[in-house]
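Asker: Provided herewith is a single structure, encoded as structure tokens, for subsequent inquiry.
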Amino acid sequence: MAFSHIVRFTFLLVLSASLVFASEPSPLQDFCVADNTSPVFVNGVACKNPSLVTADDFTFSGLDKPGNTSNQQGFAVNLVTVDQFPGLNTFGVTVERLDFAPKGLNSPHSHPRATEVLTVINGSLYVGFITTENKLFSKVMNKGDVFVFPIGLVHFQYNIGDCDVEAFSVLSSQDPGVVRIANSLFGANLEISDDILSKAFMLDKKTVDYLQSQF
């Protein structure tokens, strides 16, 4: 009986610990402005001397400017991380501006370390994410609408209209990471074997070679 109680207690302790460390740790002081020149390697960025911190460290300018969407995808993103905005350090948040030309696409991708909350500023976007059970949740979003993309799940945004679209996102990590599905599979630095890709996607090797050449 005592042994079973110990097992249960151990299980609950491990479960609680996993929940506590499942997200970025809370700051232990008012702020920890990033010192991007520090040679110290830590999980995050070393703190700047508080006596050298100014209001400028907590300010970023530039998200009023649209990105250049003159590319194959018709899409641009301005991701503001701790590298550009030192005051974000340890707060577990990142912000980005997304611009879409007509029919522009933010191709299927995931953020391994962050949930994303997107707000449409103008225009209309068709957005969606796919669960681990391959179920698609999608919606047409209009000006002022907000959509959340769960952490780690593949998602996309597509401009279905004939005018430019502007949107902003907040992500729940100072380093959310991004894995673009097509780029990762067909544009890996060391190419994935044709045998693997042709079998996985049920394509002939000639088609696989063509897709790899596009990345």
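From the backbone N, Cα and C atoms, a Cβ is placed for every residue, glycine too.
Quick paste of what TrEMBL says about this protein:
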type	residues	note
BINDING	ASN106, HIS111, GLU116	oxalate binding site
BINDING	HIS109, HIS111, GLU116, HIS155	Mn(2+) binding site
DISULFID	CYS32-CYS47	disulfide bond
DOMAIN	61-209	domain 'Cupin type-1'
SIGNAL	1-22	signal peptide
Asker: Which residue counts does DSSP give the domain 'Cupin type-1' (61-209) for helix, strand and coil?
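Answerer: With helix first, then strand, then coil, the domain 'Cupin type-1' (61-209) has 22 helix, 57 strand, 70 coil.
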Asker: Taking the centroid of the Cβ atoms of HIS109, HIS111, GLU116, HIS155 as the Mn(2+) site, which other residues of that chain lie with their Cβ within 8 Å of it, listed in sequence order?
Answerer: SER110, ALA114, PHE129, PHE149, LEU153, VAL154, PRO176, VAL178
Asker: If you draw a 10 Å sphere on the Cβ of ASN106 (oxalate binding site), how many other Cβ atoms land inside?
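Answerer: I get 24 for this one.
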Asker: Would you mind ranking the binding-site residues HIS109, HIS111, HIS155 by how many other Cβ atoms sit within 10 Å of each Cβ and giving me the lowest?
Answerer: HIS109
Asker: Suppose the oxalate site is ASN106, HIS111, GLU116. Which further residues of the same chain have a Cβ inside 8 angstroms of that site's Cβ centroid?
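Answerer: Here the non-site neighbours turn out to be HIS109, SER110, ALA114, LEU118, PHE149, HIS155, GLN157, SER169, LEU171, PRO176, VAL178.
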Asker: Report the nearest neighbour of CYS32 (disulfide bond) in space among the binding-site residues ASN106, GLU116, HIS155, comparing Cα positions.
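Answerer: Spatially nearest to CYS32 (disulfide bond) by Cα position is GLU116.
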Asker: Rounded to the nearest angstrom, how far is the Cα of HIS111 (oxalate binding site) from the Cα of CYS47 (disulfide bond)?
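Answerer: Answer for this pair: 25 Å between alpha carbons.
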Asker: For a quick check of packing: other C-beta atoms within 10 Å of the C-beta of CYS32 (disulfide bond), how many?
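Answerer: A 10 Å sphere around the Cβ of CYS32 (disulfide bond) contains 22 other Cβ atoms.
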Asker: Enumerate same-chain residues with a sequence separation of six or more from GLU116 (oxalate binding site) and a Cβ-Cβ distance below 8 A; give 'none' if the list is empty.
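Answerer: Expected: VAL148, PHE149, HIS155, SER169, VAL170, LEU171, SER172, PRO176.
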